[in-house]
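Taken straight from TrEMBL:
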TRANSMEM  A:68-95  transmembrane segment
TRANSMEM  A:107-126  transmembrane segment
DOMAIN    A:127-417  domain 'NADH:quinone oxidoreductase/Mrp antiporter transmembrane'
TRANSMEM  A:132-151  transmembrane segment
TRANSMEM  A:163-183  transmembrane segment
TRANSMEM  A:203-227  transmembrane segment
TRANSMEM  A:234-254  transmembrane segment
TRANSMEM  A:274-291  transmembrane segment
TRANSMEM  A:298-318  transmembrane segment
TRANSMEM  A:330-350  transmembrane segment
TRANSMEM  A:362-383  transmembrane segment
TRANSMEM  A:403-426  transmembrane segment
TRANSMEM  A:447-472  transmembrane segment
């Protein structure tokens, strides 16, 4: 049964390879991708239930015992993230045919898409630091392919910067691993955690920890390393933006959660204090960006940044409520960000522009999309009873327990400004007098195809909020495991 | 020996960063190549440069060098090779379409 852990990686990997062979037959590759994505979703639901029931699944690939071979660890946190990934993958794959042009779809979109999903799942499931680097590269390579898909002038220009920056941070990652290898002599996360607890010279380890944090902060768009993100996320197609905005930064955050709850916990006065300050700055700068623009897609892109700040805040607090809030917020934010990107994609398709000033009175034409956008905004800002509320509530509780009132105020203020930034789209774009749309280019069937996947994601979000009582026990389990690294170490390095 | 190698890697990093901060696109790419060289040398150094036989099992040999950093470097080399070739093609296309290889001119929103 331990072979289960590899399935979320191997299914999309194989599907991506097979999709290469008939990439030009649009209809066939479309159906193939949809069927395989649904299969992958079903498999990850199955594994999630298995993990809930029987505890962490560890797979020693190739049968080599734990510290010597590569291991895959499907603990509750990892498997919940894989499940969330597959939920938004399902929405994206049904959205893609309506959003992409015929040419983009034929030029290996589905291959890159599957490789991206495979890389993300691999990064969540791996228990080995160098293997994490390799999976980072797998997902980044796929994202390079997706960001230039279409080959427009601006895409080429912005992807160049994206590739350069990620290459730089990858090389920094390799250097950090080299440092860590020379100090501890291993790259296996569980063994690293075990050895770091024994090692006395904590100064060098704190330095390596912060170096690793900066690598992950670049991937996760944390202040002051978020500068590359806004431009590179608005140039690709909406479905690609949704995948990027929902997944890529969250892989960085997951890596920070993993490394700083498992490996570098010896000197929290320095590391976790730094996180709290950076979290506060990330929230402030992200939300200022979101308020500064009239480009609807850019507003959503900037809203990724304060959300990342909220998650980092929970890690910085490092108490039970803070971490539980971070995990809950992480899971719901993946879904709501993908949902918002899909809705904005539909908005751009029906209006033909991303400039907010040119939109008006859309609620008369698209009432469903309008009210979905309204609810999406409430979820994002954290209005009860929606899912954003519970995560933020836990985070603020955690902050109050630690007596961190400054960050509580910043967090609340940020939520208010997030609400303002997202409601600007609703009030300016959807309200107002009825204007005649240029309906010549709009196919109603396509619009329906764009709205339905977003509706699916939104309902998942609403269920996450209203049915929070079902999910809280699992969040508790995850948090308890994060607070006690021994559980992870024991499940990997069992005799 | 480790100190010498560390200094060499440091020089590589320094030249790489200098080149990355230039305006010309090709120089930036040369910078990334130098950066990956520095990182790879660094892994080799950090695995400790003990004298020993190559890590191939032969009868009668006691001392081997550490095989793990070599495997890590090999993986990292092919990855950075892939990314570099992508980067070269990308910069070729980008500079052709935008008619400039100057990073100063490849920014802003006036040419969208």
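Backbone N, Cα and C define each Cβ position, glycine as well.
Quick caveat, the model's predicted, so the values are computed rather than measured.
For the transmembrane segment (A:68-95), same-chain residues at least 6 beyond its ends with a Cβ under 8 Å from one of its own Cβ atoms are 4-6, 8-9, 33-34, 37-38, 40-41, 44-45, 47-48, 51-52, 56-62, 110, 113, 117, 120-121, 124-128, 131, 188, 190, 238-239, 242-243, 246-247, 250, 254, 257-258, 327, 330-331, 334-335, 338-339, 342, 345, 449-450, 452-454, 456-457, 460, 474, 477-478, 481-482, 488, 491-492. Sequence-distant neighbours of the transmembrane segment (A:234-254) (same chain, 6+ residues past either end, Cβ-Cβ under 8 Å): 77, 81, 85, 88-89, 91-92, 95-96, 99-100, 104, 113, 116, 120, 123-124, 136, 139, 143, 146-147, 149-150, 152, 154-155, 158-159, 216-222, 295, 297-298, 300-301, 304, 308, 311-312, 330, 333-335, 337-338, 341-342, 344-346, 348-349, 354. Most Cβ pairs within less than 8 Å of the transmembrane segment (A:403-426), among stretches A:107-126, A:203-227, A:274-291, A:447-472, belong to A:274-291. Across A:132-151, A:163-183, A:203-227, A:362-383, stretch A:203-227 shows the highest tally of CB pairs under 8 A with the transmembrane segment (A:298-318).
Against the transmembrane segment (A:330-350), stretch A:447-472 shows more Cβ pairs under 8 Å than any other of A:132-151, A:163-183, A:274-291, A:447-472.
Long-range contacts of the transmembrane segment (A:163-183) within its own chain (CB-CB distance under 8 A, at least 6 residues past either end) are made by residues 129-130, 133, 136-137, 140, 144, 192, 199, 201, 204-205, 208, 211-212, 214-215, 218-219, 228. Remote same-chain residues near the transmembrane segment (A:274-291) are listed as 210, 213, 217, 222-224, 226, 230, 260, 298-299, 302-310, 312-313, 315-317, 404, 406-407, 410-411, 414, 417-418, 420-421, 424 (criterion: CB distance under 8 Å, separation of at least six residues from the stretch ends).
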